[in-house]
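To start, the structure under review is shown below, and the notes come after it.
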Amino acid sequence: MSGKHYKGPEVSCCIKYFIFGFNVIFWLFGIAFLGIGLWAWNEKGVLSNISSITDLGGFDPVWLFLVVGGVMFILGFAGCIGALRENTFLLKFFSVFLGIIFFLELTAGVLAFVFKDWIKDQLYFFINNNIRAYRDDIDLQNLIDFTQEYWQCCGAFGADDWNLNIYFNCTDSNASRERCGVPFSCCTKDPAEDVINTQCGYDARQKPEVDQQIVIYTKGCVPQFEKWLQDNLTIVAGIFIGIALLQIFGICLAQNLVSDIEAVRASW
């Protein structure tokens, strides 16, 4: 007898365990994001009163953690278990879900380029809507403060946008000590100061515009974001292209693994 044996199609162990290992990490990150989101809601009492989700007039940053964490958890679960158990249904679901996300990202990018003015108007509306709710939620407050500090901006198109907030507007009926002021994150920073002066924005908008520029940032966050985007266009484009290639690579690997599994089962 010949020592040769028939060798049928086999499932690639490299592809199988690469998909498994990558998605285990992805899955764990999804669990971590979901955990952070649920912890934040628990700290704010949202979990004990679900109806309070709709009470916030602005954007709740916790939603970012929950949505991103949920997507990562579902993708990671499908890819991880699908590869480990050689489950073609989960692998196909992983591929389709990843493909839908890629298509949505591509569509959003094209629409953002075509409808730049509309996007700018929506961004202006979004920021001003959150300025109104600045004191309503600590997470939103921290997000706005981080944005204004990072881009060295104040308001959507200028410091006067803070008139929309009941604590900072300049109306005579406003009895707040923060009247006609801005949050501390609008203040220009003195490198010599180690401690943040949270009262640095008090009465800032009562001063002449020339004097305001010494104390606070007078440029809005929308134009500052546009400037940052133009200055870092190569880096931003590189990140998006990298993410897109990673998604395409994941789809191709999953499809190859499905083909291998189906070929092996067909040979039985």
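Glycine is treated like the rest: Cβ placed from N, Cα and C.
The transmembrane segment feature in TrEMBL is assigned to 20-41 (among others). Taking Cβ pairs closer than 8 Å, the transmembrane segment (20-41) reaches residues 47, 62-63, 65-66, 68-80, 83-84, 94, 139, 250 in its own chain, all 6 or more past its ends.
What TrEMBL records for 61-84 (among others) is transmembrane segment. If you look at the transmembrane segment (61-84), the same-chain residues 6 or more away from its ends with a CB under 8 A from one of its CBs are 16-17, 19-20, 22-38, 40-41, 44, 46, 90-91, 93-94, 97-98, 101, 139-140, 142-143, 250, 254, 257.
For the transmembrane segment (96-115), the residues of the chain that approach it from at least six positions outside its boundaries are 71, 74-75, 78, 240, 243-244, 247-248, 250-251, 254, judged by C-beta separation under 8 angstroms. Taken from TrEMBL, the feature transmembrane segment applies to 96-115 (among others).
Neighbour list (C153 (disulfide bond), Cβ cut-off 8 Å, at least 6 residues apart, same chain): T147, C186, Y217, K219, G220, C221, P223, Q224, F225. Taken from TrEMBL, the feature disulfide bond covers C153-C186 (among others).
Take the CB of C170 (disulfide bond) and look out to 10 A: across all protein chains shown you find 14 other CB atoms. Residues or ranges marked as disulfide bond in TrEMBL: C154-C170 (among others).
Per TrEMBL, transmembrane segment is recorded for 235-258 (among others).
A sphere of 10 angstroms centred on the C-beta of C154 (disulfide bond) encloses 28 other C-beta atoms.
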